[in-house]
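First the structure, in the form of structure tokens, and then the observations on it.
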Amino acid sequence: MHRWPLLIHKEGREALRSRWFLFTAGSFAMVALALAAFSMIGSGYIGLAGFGRTAASLVNLSMLLASLMGLGLGALTWAVERESGTLAYLLSYPVSRAQVFVAKAAGGAIALAAAMGLGFGVTGLGIGLGGGLGGLEEIGRYAGLAAGATLLSWIAYGIGMAIGVGLRRQSTALGVTLIAWLIAVFLSDLGLMGLTWAIGLSPAWLWWLALLNPLHGFRILAMVMLNGSPDLLGPAGWFAWRTYGEALGPLLLGAMGIWLAFAFLAAALRFRGLRDSGL
């Protein structure tokens, strides 16, 4: 049992040292703080803008960078070790594949939670010092956005692990990561808009297609948490709000939970099916 903490510590430390992780996490923190600082342009305010004027930008930033951070880290967690040969070396010790997988999943998840906590913490501190977080309700909404973004990064991490199991080179892993991320972003926005324009999809169909993309699900969930209003949810979100009402938030959380379980299950099955000769 003493192997578990050691393995998780090892994987978490390696994730935190990853150049990809450091770059994306640092970019998230800096851009989020910049959004808070500059979103007051045209509002007549000096200093950090309030949370209400920054929320929509933070939702989009979280959707883009949290997913990119998780996908890349998940794919690289295999590619780095396979390229250097350390994965085969690690499995030569008396540890099972299940232990290695759980350690990688837990270590990466902890690192991502730390990165999101740092990014949202620095931004929240800046907004708070500027008087933007005016009460417990806004603080709760901000914390909910941070938790949702962390959940999205975990889903992306699991998907990245599932994609990256068969990859041997870091360059290939990064290339596949960017392609997968662009596809997800495209299907989250332009793809649904194009389908609506081309074949006239109803809001009901848009809603169910949105659930197939965790990025779109996160965006609707974040808007529900922040605003509690269907005004900014788009056609799919408006349909869901009208259909499910106050149950929409828990429903979206459940859908993202299913995505999380599916992503890590797929990654675990792919890792279990990897031949020893392929390590």
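Just so it is clear, glycine is given a Cβ too, placed from its N, Cα and C backbone atoms.
Residues or ranges marked as transmembrane segment by TrEMBL: 20-46 (among others).
What TrEMBL lists as transmembrane segment is 58-80 (among others). Residues 11, 14-15, 18, 20-21, 24-25, 27-28, 31-32, 35, 87, 104, 108, 111-112, 115-116, 123, 145, 148-150, 152-165, 167-170, 172-174, 176-177, 180-181, 184-185, 188, 214-215, 218-219, 222-223, 226, 267, 271 of the same chain, all 6+ positions outside the transmembrane segment (58-80), place their C-beta atoms under 8 angstroms from a C-beta of that stretch.
Long-range contacts of the transmembrane segment (101-122) within the same chain, counting only residues at least 6 positions beyond its ends with a Cβ under 8 Å from a Cβ of the stretch, are 4, 7-16, 21, 24-25, 28-29, 32-33, 66, 69-70, 73-74, 77, 142, 145-146, 149-150, 153-154, 157-158, 161, 264, 267-268, 271-272. According to TrEMBL, the transmembrane segment annotation covers 101-122 (among others).
According to TrEMBL, the transmembrane segment annotation covers 142-167 (among others).
Look at TrEMBL and you will find 179-199 (among others) tagged as transmembrane segment.
Look at TrEMBL and you will find 205-226 (among others) tagged as transmembrane segment.
Same-chain residues lying 6 or more positions outside the transmembrane segment (247-269) and placing a CB less than 8 Å from one of its CB atoms are 74, 98, 101, 105, 148, 151-152, 154-159, 161-162, 165, 211, 214, 217-218, 220-221, 224-225, 240-241. Annotated transmembrane segment per TrEMBL: 247-269 (among others), in sequence order.
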